[in-house]
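Copied over from TrEMBL:
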| type | residues | note |
| --- | --- | --- |
| TRANSMEM | B:12-32 | transmembrane segment |
| TRANSMEM | B:38-58 | transmembrane segment |
| TRANSMEM | B:70-86 | transmembrane segment |
| TRANSMEM | B:92-113 | transmembrane segment |
| TRANSMEM | B:165-184 | transmembrane segment |
| TRANSMEM | B:216-236 | transmembrane segment |
| TRANSMEM | B:289-310 | transmembrane segment |
Amino acid sequence: MLMTLSYLLLAGLTNGSVYGLIALSLSVIYSASRVINFAQGEFVMLGAMSAVLFLVTLALPWPVALVAVIVVSVVVALGLDHGIYRPLVRRKAEPLTIMIGTLAGAIVIYGSAFLIWGPEPRFVPPVLSLAPIRLGFLISNAQQLSLIVLFFGFLALTWFILYRTRFGLSVRATGVDPKVALLMGIRSERIVQFTFIYSAAMSGIAGMMIGPLLGAHVSMGILITVKGFMAAILGGLGSPFAAAAGGLAIGMLEALMAGYGTSLYAEPAIFVLILMVLIVRPYGLLGDYEAERR
Amino acid sequence: MAHSRHIEAPRAPTLLPVAVFIALGALLPLLLSSGFHVRLAMLIWIYAILCMGFNLLYGFTGQISLGLPAFYAIGAYGFGMLQTMLGFPPLLAFAGTLAIVALLSLLIGLPLLRLRTHYLAMATLAFMLIQNGVANRWIGFTGGQSGIAVPPLEWAGETLGRTEIYYVVLVMASLTLLLHDFLIRSHIGRAMQAIRDDETAAQALGIRVTRYKLRILVVSGVLAGVAGVCFGITSLRVDPSLSEFHVLVSVLTIVVMGGLGTRFGPIVGSVIVVLLPQFLTSFGAFETVIYGVFILVFLLFMPHGLSGLFERRRWSLRRRSSPQADAQAREMRRSAE
């Protein structure tokens, strides 16, 4: 009984780490630019699919492959920033139009990946061993544990950058008011570019690590974006850490529903739950009044 | 708002272009010889109905529901299931389907429309993915991958032929077009555009913002349901592919290419998106990339879309030719100086 529960919680923690990383990425971009990046999940897909390319097709050792995955994510993120975000902002498009722009970006990334890799799901080779590790009565493996470590590592790194460096101060200032930040000598566009690159690298690495556990598929991106966003609004979109906590919560809930009910109802049930949370607390469980601000 | 997709709708436009579109639609079966072409024409109207709802919501009110394909699918499923499972006659099934779709939009919109618009966009997208998942996996109820059959329409004991069904779809599309046009031209349309341009200002002018948003969301959901019913009666089969991601991509492409917030954008866009794959061979694999690029290019360089090209010119011509407006413009220029 207790064993099933803790086993489910561990599985939930693993999936929750991925959702949490996406929620963190979405929230970091959002807090600097007020834009929801619909293409965020595509970076997870790119991470997983290009890991297959580098690890299997090109047979590179994993540290090289990791760097290559990061390079791919960063290049695509730069494309997103320079091809979609900046031109739209310079044309004074509204946030909603920019959001549709990022969705179009997601469509292009998905379509290109479909052309390259086709519709079949791919097996992503694990970087770390899948051999069972005993933690008390829990059985896990290094790959699974590495995801959880990665999540908390990135959480700490994000906190450090945002709250303990001068650069982080300018990121937060840009989020409060880009125009005033610009007057203070902060290059807002560079800051936004940084958030795009940072989030893309985070999601790309997450994709490479979750690939062996979930399987990789070119159409996996949009569902991950949506779950990451669900996580972010459950916690509170305005704060990266509240959003990340929402990710863990969604992962756990999903695992528990799938374990004790059926996986068919897990997603609808979580969706209804989030709608109810939004009625009671429109700004997320841990969020501030952020959501209503325009 | 410089780069706004906003074209001011004409105050008293003629209904002539609407009549022209409907007349063209009515003449079309006489010109088309093969059944395949009639089917394409039906598909154009179906997409036009779906996208007019989206245009009202996004183009005119500035709210996004990315879940319209889910309502489209629910419309088709509901129409089939109410007839086969509960034995409803077609008209009652049609009304019942619309009621279901309206109720669902209401339930989703109620908690979300008070928040910023991206909440609505993401939540409706989630709704679409969930609906698709349920349609795929709840095999006992929805028939899973293979879907369900929709009973063919009958009139006086005889099954309707392809051309008759085309006219049924055309009637639906014409009604939708008239509703679309009426909403845009009435005080409701002006309230919608006020909400789109500045919510706070709209509220200050006495527009009940949330109520209007909710109503338009329900209207768009219902129109998607109508499109779904039309799809059901034309193809006689419904499967989960109706609410897959590529439908959403098509809808966005149609609305952005045709022109957001224009009178005839959805129709122009539907014609292109339905006919384009027919002219380009080996279009299939590239479809998603091409549509994505189209959306981007139009968002960046032609935010008013194809329909905006001629609609905007005509409107500005009309404004220029009106002496009253001329005087007003001169007045404003003088006071600016």
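Glycine residues also receive a Cβ, built from the backbone N, Cα and C atoms like all the rest.
Among B:38-58, B:70-86, B:92-113, B:165-184, B:289-310, B:38-58 has the largest number of CB pairs under 8 A with the transmembrane segment (B:216-236).
Segment contact holds for the transmembrane segment (B:92-113) and the transmembrane segment (B:70-86), given three or more CB pairs below 8 angstroms at sequence separation of 6 or more. Contact counts against the transmembrane segment (B:12-32), taken as Cβ pairs under 8 Å, peak for B:165-184 among the stretches B:38-58, B:70-86, B:165-184, B:289-310.
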